[in-house]
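A short worksheet on the structure shown next.
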Amino acid sequence: MLDVNVFDELRIGLATADDIRRWSKGEVKKPETINYRTLKPEKDGLFCERIFGPTRDWECACGKYKRVRYKGIICERCGVEVTKSKVRRERMGHIELAAPVTHIWYFKGVPSRLGYLLDLAPKDLDLIIYFGANIITSVDEEARHSDQTTLEAEMLLEKKDVEADAESDIAERAEKLEEDLAELEAAGAKADARRKVQAAADKEMQHIRERAQREIDRLDEVWQTFIKLAPKQMIRDEKLYDELIDRYEDYFTGGMGAESIEALIQNFDLDAEAEELRDIINNGKGQKKMRALKRLKVVAAFQRSGNDPAGMVLNAIPVIPPELRPMVQLDGGRFATSDLNDLYRRVINRNNRLKRMIELGAPEIIVNNEKRMLQESVDALFDNGRRGRPVTGPGNRPLKSLSDLLKGKQGRFRQNLLGKRVDYSGRSVIIVGPQLRLHECGLPKLMALELFKPFVMKRLVENEYAQNIKSAKRMVERQRPEVWDVLEEAISEHPVMLNRAPTLHRLGIQAFEPVLVEGKAIQLHPLACEAFNADFDGDQMAVHLPLSAEAQAEARVLMLASNNILSPASGKPLAMPRLDMVTGLYYLTLEKSSEEFGGQGAYQPADENGPEKGVYSSLAEAIMAYDRGVLGLQAPVRIRLNHLRPPAEVEAEQFPDGWNQGETWLAHTTLGRVMFNEILPWNYPYLEGVMVRKGGGSDKIMLGDVVNDLAAKYPMITVAQTMDKMKDAGFYWSTRSGVTIAMSDVLVLPNKEEMLDRYEESARQIEVKYNRGKLTGRERYDRLVELWKDATDEVGQAVEDLYPDDNPIPMIVKSGAAGNMRQIWTLAGMKGMVVNSKGDYITRPIKTSFREGLTVLEYFNNSHGSRKGLADTALRTADSGYLTRRLVDVAQDVIVRVEDCGTRQGVRVPVAAEVLDATGAVTGYTRHDLIETSVSGRVLAGDATNAAGEVVLAAGTDLTELNIDLLVEAGIKDVKVRSVLTCQTPTGVCAKCYGKSMASGQQVDIGEAVGIVAAQSIGEPGTQLTMRTFHQGGVGGDITGGLPRVQELFEARVPKNCAPIASVEGVIHLEDEGNFYTLTIVPDDGSDNVVYEKLSKRQGLASTRVAMESNAGAFIERTLTEGDRVTVGQRLLRGAADPHDVLEILGRRGVEQHLIDEVQAVYRAQGVAIHDKHIEIIIRQMLRRGTVIESGSTEFLPGSLVDLSEAKLANSEAIGAGGQPAELRSEIMGITKASLATESWLSAASFQETTRVLTDAAINKRSDKLIGLKENVIIGKLIPAGTGISRYRNISIKPTEAARNAAYSIPTYGESIYGDDGFGEFTGASVPLDEAF
């Protein structure tokens, strides 16, 4: 077998008939498969043992040689080599064809490579190949020229003979006519009878003349065709061709079918054709030039690659190994076989029949028909259904050809090469494991035993519980008690990987340390649910076992759940308390007033009745009061603390030099809040507020912000421990909070009817106006929708006011644990407006709440929207998965290759926003809204200087939160940062341009697969949001508008209702022309006016920002009008701009920024944070190539797409050699097109359009350098990312100078040398020798 680690490249080319015969171990001559009586393969058949190898290991077909000792011997009786049966997966055969056939990929593919090479239209090719017309393959012009006068004389002679024959025939007939007339006259016939005879004779003579003329015309046509005869000339008239062959076969050759195509290819001069085509390209224009360009691509491909074009016509076809097209016996004695066997049998049957007919000397028409059938059967074998109706099997099912085995989701690439199944894995339902630590998972004992079976067996033998592996296996299978103890040892510190499908981002697989649990369900840590998007309603997860020490180390260091708290997309924590935990922490940190609580232990200020109460000397004293029932958890108290750090303002006031542990301070707080702060690290500032998951306020603290802050300031291990404590506290206190929901908790509005009656009256007035014709249908619809939305809002607000704070329903919402206020409105107020299947509102609202119950009509109306929601969700989930797949494909080879590419280029990003006072004057600066997603985690490309020109931060500085604050304080509005868009690394990106890894907060490591992380970061929220509509019960935001827009942007499509953009800066002049505007821009530089005609009024003019005269520094948004000024790139109509226009007008940087802004706008509208750098990676891949306009001295073909880094290299070489550089135009490619244009043919073929990619790659003899991840996964090599890159693989360990000196210095023997002898301390007991050493 081939070792994948031996080669560095994989090349694909065209196989010639000699190659096919060289691969083959023998010719398959019969269509038989196996003998149905003996069940042995037939000799010379499709499963022949002589060709493909024995069906049993080390045994020939006849049984003369058995056992491995005869290895390599070829049996003289049956001719089968004694070897392993595994060779039947590798050995190929071949079929010698009685007539050549063309390869359908090259003839029928788009564009037709054969057609371009021979300059024949696909229609004509089809006629030739399938015996519908003849083609001239060669003409002996010299012989024709030299013999032309002789041949012409012969032809004139023949014409004269025809004329003479006709004349004699006519004379003969005239003579006979005279005789007939004389006879009639003698017989006294009437004039009428004589006239008839005369007319008949005239007609006959006319026929003779016409026949003669036709014969002469025919001879003229034959002669004219012959003297103009040229190679590649098609002759559709069969009689004309036969005549030419009869008369002049010595002067030309021709024919029909693949033989003629083969002859044309053999006579084809590649170099001369390429030269001629280049000449046409340089001097021609229009269609002729375009055709020449397309043809030159194919001709140059053969010229450059050294492929023999004759390989496109086959004289022998390969037969793939029988184990890859198996035949298996079913229970009923029937056989199931691969479709390929049927297709091969058709080829062999037709081939044998053709051979027999040729031997018998059958008429040409029959032989040609048989050749055509052979061509069709080979077409069906290679690509069934590509031409004409597909060959079908039983039940009219099209048979799967060789192409179908490669194509699509079930094809070889995606099913078997990229989606292999693995052993040491299991799968089970998940349940919650609240007792687990963040890095642990509960593994069912039986599953663990099966997964760790080899490890357990080894330890059983090592610990002398079993004598050998066989008995150890028996012990494991019988589940002896000792086995469980050994299993505990085997699993300790051996992480397992858990995966939940769909794995939308890298946190869909994480490593955990297993803990054995009873039952059959896997227990998952509650905080890990968010990353896996898991819930416990029947979800299943798969377990995988990393086996080698390296795999275990990687799982522990890189994949352990406690090391993966942050999202790789935004750097925000994913392991966040949710649901019950949030309720518990909200309850714990809630504060209620003393009156409300009414306990003795609550804080009460001093008054005339006595000193202040509720002041505690320590936390222990407060807990004691709580345990005795004197103090409430949420009651306000004052506690003296010395083990928790005070809040920042208290620390600044009381401890100017900084607080040290042990120093006391007085906290105005509640007991619950102190308990919560005990969870946090001791030196974390005290948090005084109520903990919520979302919807912050004055005294509310967002749990996300806390976890974010912890992740930024503390090591991951501390964060993980804190999260675990939060989880425990959350569950503990949510149990004690007694938050439950009963029907009695859903309060109903007492005055809802009166409220709605008012709106009902207004709705009636609208209907009356509509019926009287005062309103159009659209106005009526808009007014009713507006009216009932107001009604829903009013009722909803009243419901909110009705609920007391301690009601569990608003408590769940206010804490951010689940749901939103709108759902409470639906539950207790009214559902409001619902949509129909088209997405329009139904103008009758649902006035009842779920508590009251819907009427039949309301339920029916509601079902439209619900059904639409579910259908949309299902469709968009598939869309989103496909988007992710395309993104991964386009970015999979973007890996961090080097530390620093050394570029000084970068992009400008906003840092600070001005703070204006009422007069519009700048009073200070604040952080820009987009800092988190654009600036954070980058490296400065240039010095950041303030207004005075002083350097605040030097180039190369990492932009941490601290550094960003420095920039904001210095009033620096924007800075130039390093970006992957400007990275100069030829393949992949450099660490400096990428910046920090969002998942770790540290500089990205070399070898990190940042392309795939980027694709996952963009694709995962798309899917999450589409799915989340189902969880929300149809309420709230939805990505409907968003996902198609993201696809449109990444595919670089022209948007629907595309808006034109200004190509120059100037003043606009508008002309109204009915349904359209004509807009003219008068440029500032005095150049020619730019006119935009037929701008749709319906689409509407775009809005523009105009400075307010009354308020300096303030702007208003309004529609463009006459005399407005527009800048370059500004949109003129409402709608999205075409990225291709943006590239043309604003250049590369303009389109980059446009795409980032547009994609981010979609995600921000959904509340999803994705760092710009991920989108930049995809955009970099979209803008990687350019079109060659002038090739200069380089080898590029004009009109071809070239990688810009390659072009740069070729240009510098051309200039160095004193030549002309190539001229290129930047192109923006959609992600699908960019994926297919990749250098790696393996990656492109496994993505889409497999046959087209392989056809193209074979003609160009493409070599895959195995740079990306996908191609290495396909061939089974270690991927070139992470620890798989060469700089980590090829490490040789050498001692340092100091170590070398120490090793070769003269040793001195101290007492320690006589210490440990391996026998341990003296005990008096004998020690077994094998234990001692």
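Glycine too: its Cβ is placed from the backbone N, Cα and C atoms.
Binding of Zn(2+) 2 is attributed by Swiss-Prot to CYS983, CYS990, CYS993, and within the candidate set CYS529, CYS901 the record adds CYS901 to that site. Remark: CYS60 (Zn(2+) 1 binding site) has GLU49, PRO54, LYS66, CYS75, ARG77, CYS78, VAL80, GLU81, VAL82 as non-local neighbours, by Cβ distance under 8 Å and separation of at least 6 in sequence.
If you take the Cα of CYS901 (Zn(2+) 2 binding site) and the Cα of ASP535 (Mg(2+) binding site), they are about 44 angstrom apart, rounded to a whole number.
In sequence order, CYS901, THR903, VAL989, CYS990, CYS993, TYR994, ARG1180 are the residues near CYS983 (Zn(2+) 2 binding site), counting only same-chain partners six or more apart with C-beta under 8 A. Residue density at CYS75 (Zn(2+) 1 binding site): 20 other Cβ atoms are found within 10 A of its Cβ, drawing on all protein chains shown. In this structure, the binding-site residues under consideration are ASP535, ASP537, ASP539, and the one with the smallest number of other Cβ atoms within 10 Å of its Cβ is ASP537.
In this structure the alpha carbons, written CA, of ASP535 (Mg(2+) binding site) and CYS62 (Zn(2+) 1 binding site) are 61 Å apart. Compared over the binding-site residues CYS62, CYS78, CYS901, CYS990, CYS993, the count of CB atoms lying within 10 A of a residue's CB peaks at CYS993. The secondary structure of CYS60 (Zn(2+) 1 binding site), as reduced to three states from DSSP, is coil rather than helix or strand.
CYS62 (Zn(2+) 1 binding site) sits 60 Å from ASP537 (Mg(2+) binding site), taking the C-alpha atoms as the reference points.
The Zn(2+) 1 site is defined by CYS60, CYS62, CYS75, CYS78, and by the 8 Å test on Cβ atoms against their centroid, the other residues of the chain that qualify are GLU49, ALA61, GLY63, LYS64, TYR65, ARG77, GLY79, VAL80.
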